[in-house]
Amino acid sequence: MELYDSATSAWSSSGSSSSSSSKPPPQHQQDIDGLLAEAGYKIRSSDLRQVAQRLERLEIAMVNSPADFSQLASDAIYYNPSDLASWVDSLLSEFTQPATCPSEFIMDPVTNQTVVNNVWTTDEPHTPQVHQNISYEQQSLNHQLTVVTAMEENSGIRLVHMLMTCAECVQRGDLSLASSLIDDMQMLLTRVNTVCGIGKVAGHFIDALSHRIFQGIGVGSINGGSVYENEILYHHFYEACPYLKFAHFTANQAILEALEGHDCVHVVDFNLMHGLQWPALIQALALRPSGPPLLRLTGIGQPSPDGRDSLREIGLRLAELARSVNVRFTFRGVAASRLEDIKPWMLQVNPEEAVAVNSIMQLHRLLGSDSTRNCPIETVLSWIRSLNPKIMTVVEQEANHNQPGYLDRFTEALYYYSTLFDSLEACTVQPEKALAEIYIQREIANVVSCEGSARVERHEPLAKWRTRLSGAGFRALHLGSNAFKQASMLLTLFSAEGYSVEENEGCLSLGWHSRPLIAASAWQVMPDPAAEFLAWDNHQSFS
Amino acid sequence: MNCGFEWFFKRICFKLLGFFFECLKKREMAGSNEVNFNECKMVVPLNTWVLISNFKLAYNLLRRPDGTFNRHLAEFLDRKVPANANPVDGVFSFDVLIDRGTSLLSRIYRPATTEEPRPNIVELEKPVTGEVVPVIIFFHGGSFAHSSANSAIYDTLCRRLVGICKAVVVSVNYRRAPENRYPCAYDDGWTALKWVNSRTWLQSQKDSKVHIYLAGDSSGGNIVHHVAARAVESGIDVLGNILLNPMFGGQERTESEKRLDGKYFVTLRDRDWYWRAFLPEGENRDHPACNPFGPNGRSLEGIKFPKSLVVVAGLDLVQDWQLAYVEGLKKAGQEVTHLYMEQATIGFYLLPNNNHFHTVMGEISKFVSFNC
């Protein structure tokens, strides 16, 4: 161990970098400090010195103004604490410089303990103190918000025009004009109320545009975020507004009806997340008059990079629930980075079981076409057909964000997300609201600043999905009045006036102030005329 | 909480001015903080310094002045690892729910045998083979508020203990403060002890008994003492106590506390915070949980207390209390081995990159294998 040299502030590197596994690490990982890796931190040995210096600076800052530090604690979002270097940097930059973009906002990620994908949930309850602090700040904010001047309104309108102009420049390729517009818009933002309304949404669009202009078309870099974070954000979006709840309720109702009379059922969930959709279905199946079926659930999800088997953990929790209501249940997790990487054999569907395929906001991700091969959506739809599901529930954003022209896409997104944010204003629960906004912000960033395979948020309206799915051999199952009733009842739980459910040719949509934002539909496989002869032979029913 | 760009910008600007003035003032006052860094950096390897400083920083974010704790952020920041029934470096682990009522989990670490390098789920609780197999019940540190049995640093430490002591290690995920104050942690330790004692698969072949040792660092060391005391009262045999930098304290400010305050990662203020968070409200640090041989404590004279191995780090500001503990044991006629590691700081046993680590691990191994 070598000592600190006060003259040059240089550390000599010390300590062994032994790896815990018996194999030597691959070349590019050999610089990672092995001992810290065992402690859960990824940091290169060559970065240790720098990180140490920054930790020192943070400590000085902390000692000198403890009040700010505790503010940092209550206001901060921390991304990937394992990456020590960037974690320390983000704290340092937040603490010593003013934030210039909303995307640098930091917030306290509160996890909902009942569905955290971790057997090791803490038994410690929420401390009420946190919420008290938040509501006090919210109150003072609300006071500030009530003053909306005419100047602000004009500025808001100007901002929208400038945004469109900027997007048009981007479409034309005139990046220098676009970047000067960014500057102007940021100036204008200081005169607009950015806590709510167009000011807040504009801020996000400016960020996304800025990212596209200055950093080039992102390979998802503006989104960053680990699998774990995405799940947390999704969960808060679920809590803060009714869209996902509507999706789940509606899909579950359709699935229940389609699986009636079957004793072996298999639900395939295209995006398990925290499995929020399934407790309700499990409970509904338990209460089935004919008795619960044997339920298999296959949950597809992102692989966790740090070795946590989050799919399995969710599965365990769901299994426990099923056990408690006497529903025979098995779970299987299938980890895949992209839906198109899934092959049908991975789902292990038995011919005897009744299959339900559930896709909540996943199909649109398959619409990016790689010119060298088939459109992934066709491949996936075709193997879904091959599973012969009794029902496929599809929920998608009701928006046209996959148009080839950039300006069209941008404009559509601006109106869509303004409406979405507007509906979110009704939510008062923190930090659900704040994290839900981050969730939406990431979607915006993807629509606006990404292209090619990185752009996965390729929302299409229901009309387009109808055409596409019919063309792929599916026909629509009308969602019954039961589903409509469910959805309306759900809305009464939200005291916010402004949400509306609409029925449209058998599909339901949930909207804000008569603008539909999310649409749910159900589909079954169209019988293949040639196969119908075989079907009669095998006594299969296509009804 | 969430705020517009403008509001946030204004708030930070105002505070920054204040910050800069304070900074100037402090530099004029011969910048004592910088001296602290120098001393600190000279005694630990760089990666250890980064690790412990990072903890210090994170922990500062979690403790609120009003005594509440930002548990959600703590759980988010804590680096955790899952159990692994596949042996890694000869050790496999699995989690067991010991008490459903309190959701008391424990992680069990076992050495992999050469015959079955890959245990299947049925064999996780296969009886231990061996004339004498030590079972170490481990209580992780964290000043009663931080960390869990599945924290990466403690998972790693327990795995090392298995190898070094050829033991089974049971790491207890006890309830933490401030949500769960005294005596929850001790109750959980006691529950775990009873559970371990009653596992037939943990019995050594020599005498069909479970050979139990209690071990812990920081608050875990404190728990070791109190669980052992309870074991003695209830007739469960504990063969030895291992206390690594145990967390003790008292109302009085000792010389080491004054001399070392803030010098090696730890401040008196944070120590006080943790005691306030753990002890029953209204109690002071002379409560026997904190100060077992203090004015409200109880002598262990005449009691068949297990032999103790107490490791004290010479740069730990609470060493005077740890030394008082050792004296208290000696005065009561109890067998105690006292290891004083002069140049060691807190957490030296977390990374195997220093001599103190190897010395202490060697002593622990001897302590556990020596059967009287």
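Cβ coordinates are placed from backbone N, Cα and C, and glycine is handled just like the others.
Remember, it's a predicted structure, so these values are computed and weren't measured experimentally.
For the ranges A:265-269, A:465-469, A:485-489, the feature annotated in TrEMBL as motif 'VHIID' maps to A:265-269.
Region 'Leucine repeat II (LRII)' is the annotation TrEMBL gives to one range among A:49-81, A:148-180, A:313-345, and that range is A:313-345. Same-chain residues lying 6 or more positions outside the region 'Leucine repeat II (LRII)' (A:313-345) and placing a CB less than 8 Å from one of its CB atoms are 115, 117-119, 270, 272, 274-275, 278-279, 282-283, 285-286, 292-304, 362, 365-366, 376, 379-380, 383, 386-387.
When DSSP labels each residue, the motif 'LXXLL motif' (A:363-367) comes out as 4 helix, 0 strand, 1 coil, counted as helix, strand and coil in that order. Residues of the region 'SAW' (A:449-524) grouped by DSSP class, helix first, strand second and coil last, total 27 helix, 28 strand, 21 coil. Residue counts for the region 'Leucine repeat II (LRII)' (A:313-345) by DSSP state, with H, G and I taken as helix and E and B as strand, are 17 helix, 7 strand, 9 coil.
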